[in-house]
Amino acid sequence: MRKPTAGPASSRQRRTSMLAIPLLSLALWSGGIGAAAHAAEPGKDAAGSLPRILVLATGGTIAGQADPRATGAYKSGQITGEQLMASVPGLDKLAKLNAEQISSIGSQDMNDKVWFALARRIQDAFDKNEADGVIITHGTDTLEETAFFLDNVVRGDKPVVIVGSMRPASAVSADGPGNLYEAVQVAADPRSRGRGVMAVLNDKIQGARSVTKTNTTSIETFGSPNDGPIGYVDTAGGIRFLTQAGGFKRATYQLPAGEQLPRVEIVYSHANMDAVPIEDAISHGAKGIVLAGVGDGNTSKSALDALEAAAKKGILVVRSTRVRSGFVTRNVEVDDDKNGFVVSEDLNPQKARVLTQLLIASGVTAPAELQKAFTATW
Ligand code: ASP
């Protein structure tokens, strides 16, 4: 049942304004998102003017506001997507924007239900030609996981841009307005097509497969350790893509029925590691286990024995790494062929988990088939 979608290994490569300022008028396209489909050229609306961008808001610090009880404290997800977009001067010159609120949560609470709602809404908007591009406003903590999930399930080549901020909207030097402006620049540009889901923050455009959060508090936090950004964007110079669209192969998976992905646990490896976390994962019904291994996806002898036993029971075991960059390679210090393990290649544990969930949901049970999907990019 894997990959039954139309996306035939389709390709991807994949200012500061306080919210207290009066809301600028949002340029909503006529009839809003529910209106009849437009027969529009890519990057243009039916009248041949500005591109139509659907903004799906989920919460996060970008929609956060100061908590008056403590200096530096704030609450995520306090401002709606519509208010957010209206607070950034000049967006109405770039695109016709229509904002919808999908959730109002910090992304530490991101979950399958919101993921499925996002995926379905985006696909519907593209299938009905209601939008030329989509922007998702999101917390930064799990932004990379949402980006990667959507990259694997949304079909078509219209741009999907995910954006967040490290500082709340009420901060002295909030980074949200600039990031939002740049996200609209990217989503509205026809050159952004065919690049999969992109994260746009702090002047960088990064691919969903490689982007990861690298710093707990700095605004310069998102990086792509293995391959660098796919481009740069700034409000003055516009967009500079460094790669061709369609540089990476990717599969698209169909969303399973319902609103839940199969249970896959991440087990973090460390010195003095025993088998308890692996046994726990198995006893809680994990269908897959991703090892955040040391080095090249390694772990202790007792953990390895427990993983081997798990694989024998039909639990899919994927070796990833807690190291920030590099690839996990088959059969180096671990006999993956003998143990029936899979390696995650360049995918970090949190993204390896998402891909494993999608593959299990697609009916994959054989490690060799899982491995093929992890390696399919190269
Ligand atoms: N905890 C916040 C979140 O992910 C952090 C942020 O958005 O920067 O929603």
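A Cβ is built for glycine as well, from the same backbone N, Cα and C atoms used for every other residue.
It should be emphasised that the depicted structure is a prediction, and the values quoted were computed from it without experimental measurement.
Per TrEMBL, the features are as follows:
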type	residues	note
SIGNAL	1-39	signal peptide
DOMAIN	52-241	domain 'L-asparaginase N-terminal'
ACT_SITE	T61	active site
ACT_SITE	T61	active site, O-isoaspartyl threonine intermediate
BINDING	S107, T140, D141	substrate binding site
ACT_SITE	T140	active site
DOMAIN	263-374	domain 'Asparaginase/glutaminase C-terminal'
Composition by DSSP (helix, strand, coil) of residues within the domain 'Asparaginase/glutaminase C-terminal' (263-374): 45 helix, 23 strand, 44 coil
Spatial separation of T61 (active site) from T140 (substrate binding site) - C-alpha basis, Å: 8
Between S107 (substrate binding site) and T61 (active site): CA-CA distance (Å): 9
S107, T140, D141 excluded, remaining Cβ within 8 Å of their centroid (substrate): G60, T61, G106, Q108, M110, H138, G139, T142, L143, G164, K213
For D141 (substrate binding site): DSSP state (helix, strand, coil): coil
